[in-house]
């Protein structure tokens, strides 16, 4: 049993790495995010905001990992190559954080992309409603944590005076027509979210 658990974890790590790389480099498939037309000079971000954001990232990543392990163990949806192809067929969107890369870090654009991306993944998690009665509490908590993180980012943008006058509208979400699609879509959406959050975590460290 220990060997099977270790193999399952290795497959899960491979899935997250592959999908993270796909999310980072598939710019053409990324959902359009809010752009900021006029970028004022960057102001130092409060340490309290950075610490709170990093803690929220850690909490979401931990819940996401638990949910991925449960989906992998229960439904055997653990083969990266199959899931990536399924993601294309289901139209699972991914958010880009091009403005948050260490090579081209732009504070205002990064915050805007962070907020838009979190709203996207919040919508995806909502679309997964009914994935499994046993997983519903964890999924609901994950969705709430993502929404709270998005609020934290938006409030900081308002404090800096760089928030758009109107919050971005949510993109159309994929329509899952079967329990299998919803569960497979859950694995993909949460894996994309994990990669997104890892980029966000690195960016927040740079902004600090």
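Glycine is treated like the rest: Cβ placed from N, Cα and C.
Per Swiss-Prot, the feature signal peptide maps to 1-30. Residues or ranges marked as disulfide bond by Swiss-Prot: 72-78, 100-110. According to Swiss-Prot, the O-linked glycosylation site annotation covers 169, on the basis of similarity to another entry.
Structure coloured by features recorded in Swiss-Prot.
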residue : record                      : DSSP class
72      : disulfide bond              : helix
78      : disulfide bond              : coil
100     : disulfide bond              : helix
110     : disulfide bond              : helix
169     : O-linked glycosylation site : coil
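Distance noted between the C-alpha atoms of residue 169 (O-linked glycosylation site) and residue 110 (disulfide bond) is 18 Å. Residue 100 (disulfide bond) sits 29 Å from residue 78 (disulfide bond), taking the C-alpha atoms as the reference points. A distance of 32 Å separates the Cα atom of residue 72 (disulfide bond) from that of residue 110 (disulfide bond). Taking the Cβ of residue 110 (disulfide bond) as reference, residues of its chain lying under 8 Å away and at least six apart in sequence are, in sequence order, 97, 99, 100, 203, 207. Ranking the disulfide-bonded residues 72, 78, 100 by the number of CB atoms within 10 A of their own CB puts 100 at the top.
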